[in-house]
Amino acid sequence: METSTAINLLHHKKIAIVGGGPGGLTLARLLQLKGVDVKVYERDFSQASRVQGAIIDLHFDSGLKVIEAAGLLEEFKANYMRGADKYRLLDPKGNILLDDGNQSGATSFGDEKFRPEIDRGALRDILIAALYPDTVIWDSQFLTMQQVGQGWELHFKNGTIATADIVIGSDGYRSQIRPYVTDVKAKYSGATIIQGEIDHPETACPEMYELVDQANLMAMGAGATIAVQPRGDGGLTFYVASMYPENWGATSGIDFNDAEAVHSYLADRFKDWSPVFFSLLEACGQFVLRPLNYFPIDQRWETKANLTLIGDAAHLMPPNGEGVNLAMLDALDLSECLTDPKFSELQEAISAYEKIMFERSADLCRETIEGIADFASPNEESVEELIRMLAGDE
Ligand SMILES: Cc1cc2nc3c(=O)[nH]c(=O)nc-3n(C[C@H](O)[C@H](O)[C@H](O)COP(=O)(O)OP(=O)(O)OC[C@H]3O[C@@H](n4cnc5c(N)ncnc54)[C@H](O)[C@@H]3O)c2cc1C
């Protein structure tokens, strides 16, 4: 790896990044390119210990821009899923409303509207391969930390302790670092997702497998959205979204650890929908309930001297196709601020990053919350609007 010399504020400083998701790993790569001493402490036992979920699309002016800044565009091009940026939209009866829409017709890198999809695991592998060996310390679930002198002493569940001069929390939506930065808590958006994975859809739900055909499939109407996405390993991930009261998981009387109980709820909930959807849901043996939460749009905190947050830990919002892109942009902006010679104090550099991050995420979060019912409880009008958007008419 070609690096420039660690300069100014980060000279002889050790940085601990807690959380090895797209945000944390990107930040580690960008800082290592500048010669900075950085470790990533990740809760997962190993690189292969967890399915990373479905595909994500990177955008020209965010995720792809960062991939380029990280010097990884060729690796990305070798691993992205060609054609997976296509959308297939269905109604609850299984009629296809839109086929092969991709919002722009763009199919090549360099085109501002091109949004190539990549398997989350593949993106993670690319980022890890670009780091110095042993940068990621696996099996490091962060528990607590305390200030020691000018720095931090971090304690992990496996009993290990690490020290660092600067700590960056990139540990996602239930961040354990966040309480050291702010006590602002997440709010419920009104929508909840039931998520499932199908490892062998070609045999478990062949009709749905054919319908998906490596595209993003969405069935919308009658107060629900079922979204199905291909995974890089041939499996499928699906999300069933609806508006539910807060704490619905606890009050619904459904045991979400009992697949049969969930099947029975879904069979009733989707009894008026085409059976092809229930064949998908029935093929799933384990469900995850995800209430969609967000951090308040106007949240602010007092900048800390040697501690900050990026990605979901900083600005959780309901899924809007931007989360990974935002986390990567945070990584780029933070790496640039921390190494910008115009700042003479670390706190000043962190404050400059936080200002950019707050403004950018607030705008997107506002739009997402305003549109949450269109996504989770669509009606004819919202579906028509989505068709126009995916067809590239808006
Ligand atoms: C259902 C759903 C669908 C989505 N679809 C999309 C999409 O299509 N496109 C898109 O851009 N975004 C999507 N998002 C949002 C996206 O997943 C997040 O915004 C993005 O992953 C945030 O990246 P991050 O690096 O901040 O955090 P994360 O990806 O959450 O990574 C956090 C990392 O920290 C680790 N960790 C957690 N706690 C600890 C701890 N205590 N100690 C050490 N490590 C810890 C975790 O294991 C994980 O590796 C979706 C989200 C959901 C819920």
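Just so you know, glycine gets a Cβ as well, placed from its N, Cα and C.
Predicted automatically and left uncurated, TrEMBL annotations should be read as such.
Annotation comment: TrEMBL describes R50 as NADPH binding site.
Note: D57 (FAD binding site) has non-local neighbours G63, D85, R115, P116, E117, I118, G321, i.e. same-chain residues 6+ apart with C-beta under 8 A of its own C-beta. Taken from TrEMBL, the feature FAD binding site applies to D57, R120, D312.
In terms of DSSP secondary structure, the domain 'FAD-binding' (14-79) contains 26 helix, 13 strand, 27 coil. If you look up TrEMBL, you'll see 14-79 (among others) marked as domain 'FAD-binding'.
The domain 'FAD-binding' annotation in TrEMBL covers 163-338 (among others). Mean pLDDT for the domain 'FAD-binding' (163-338) in this predicted model: 95.
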Counting across all protein chains, other CB atoms within 10 angstroms of the CB of D312 (FAD binding site) number 28
